[in-house]
Structures are given as structure tokens and as C-alpha cells.
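To keep things clear, I will list the structure first and then write my remarks on it.
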């Protein structure tokens, strides 16, 4: 019987081994994770995240899952926005559930500080510890490419969303022009691992992260995977010429 395989950077590994390998990477980079995103995106990830938060437009009383949300970078944005809406017109507190497979990432996030609306749970995107039709929104930012079975994670996201709930994914993607693709490849493979060695003393972890971006499906392929998982009205918004993309779908 052939064992199931999964990608780990440019390597193909036994599917059963990938989660442990990825956990090892994030154990090592957790304390420098937000710096890592600055390096990998040239700091532009902050604008991309702001755009995702604006698209979500979270409201008081909503239940939001921030999957792979470890350091709380997105959740703090959502909490700030829901509090601002409360100040304008009242309403109950939102509940923002950060679920991350890596305890070190959650620890790094808690050290940075949270908010009353935010909870932190160690959990697997492929088997969420949540009931059906639980949340108003599910957001995953720079996390889904690290999941062993992306299709399973998408089905889980669909399962835990209420009817009318929304799925938003921010992920590094495929540049839309050949010139930009070549320039970003050169930056990624020549400079990012070197920055990882200089800033975090871990070239290999950054090398994996660069490779994992290249193995992730392109925008249209990922949109099709979302549709296969049951999402409707799937849309794609490219950022910085497709260096990153936001995918949105609805649980209808």
C-alpha cells in the first residue's frame, strides 16, 4: 500500500511526517515570526492584512475564527475594529478565537498582548475543536500552505461556518507577470534565507518558507479547491501584482 505524501518545501514527505516538520520550523521562528513576514514581504504584509481586515469589517457580537493566527497580528486588528464599532453604536463583545497548531506561536502572541475579545487555543486546522455552524467568519493568513491536507482544512472551515458565514484567506501566491515573478524569485531564494540566517540564525527555516510558497497552488487553482469544499461566490483579490492574494468565499 502506497503511503500518502505531502509537500514540505520542495521535498515530498510522508503525510504523517509533515505536521511535525512544520511544527519544528515554527518552534524555531516563533519569536521572530512577525519580523519574518516583514522580511518576506518587504513590510508590505501589514497593508495586505489591513485590506483583509477592512474586507471582513468585523462587527460587535460576531464570532471570528483566526486560524493559524499564532502571534495575534490579525486578531488584534479585528478586536480594535469591533471595539470601535461598539463605541459608535453599542452591541455585545465579539469573540475572536485564535486556533494555531503551534504552542510556541501562541506563546509568542500572548507575550505581545491580547484583548478581552481574544481567546487562544492549540488546535489543528484539519480537525477544529468546534461545533458545526459555529462562526460568522473564518480567516487564515499565511497559514494554509503549511497544512498537510489543504482540502481537509477547507472542508473544516466550511463545516464550522454558519449559513451566510465568510471565509477569507491571505496567502503568498503567484505574481501575475513574468518580470515580477523573476524578480520575486530572485529576492526570495537569494535574499530571504540569508536574512533568516542574519536575523534569526536559522537559514533552513526560511528556506522552507520560501519553498512552501512556490509549492502552493496558484490563485485559480486554490479558488477551485475552495469551490470543491463547498464555498460559493469565490473571489480573488491580488495584492502587489499577485505576490499575495486574498481569496473570499461564502458558506451559502
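Positions of Cβ are set from backbone N, Cα and C atoms, glycine also.
Remember, it's a predicted structure, so these values are computed and weren't measured experimentally.
As recorded in Swiss-Prot, the features of this protein are as follows:
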- 71, 100, 124, 125, 141: S-adenosyl-L-methionine binding site (BINDING)
For this session: Among all chains shown, work out which of the binding-site residues 71, 141 has the most CB atoms within 10 A of its CB.
Result: 141
Exercise. Over all shown protein chains, what is the count of other CB atoms within 10 A of the CB belonging to residue 124 (S-adenosyl-L-methionine binding site)?
Worked result: 17
Problem set entry | Among the S-adenosyl-L-methionine-binding set 71, 100, 124, 125, 141, as the record gives it, the longest Cα-Cα distance in Å | 16
Exercise. Three-state secondary structure of residue 100 (S-adenosyl-L-methionine binding site) from DSSP?
Worked result: strand
Problem set entry | Intrachain C-beta neighbours of residue 100 (S-adenosyl-L-methionine binding site), sequence separation six or more, cut-off 8 angstroms | 67, 68, 69, 70, 106, 109, 120, 121, 122, 123, 143
Exercise. For residue 125 (S-adenosyl-L-methionine binding site), what is the tally of other C-beta atoms lying within 10 angstroms of its C-beta?
Worked result: 25
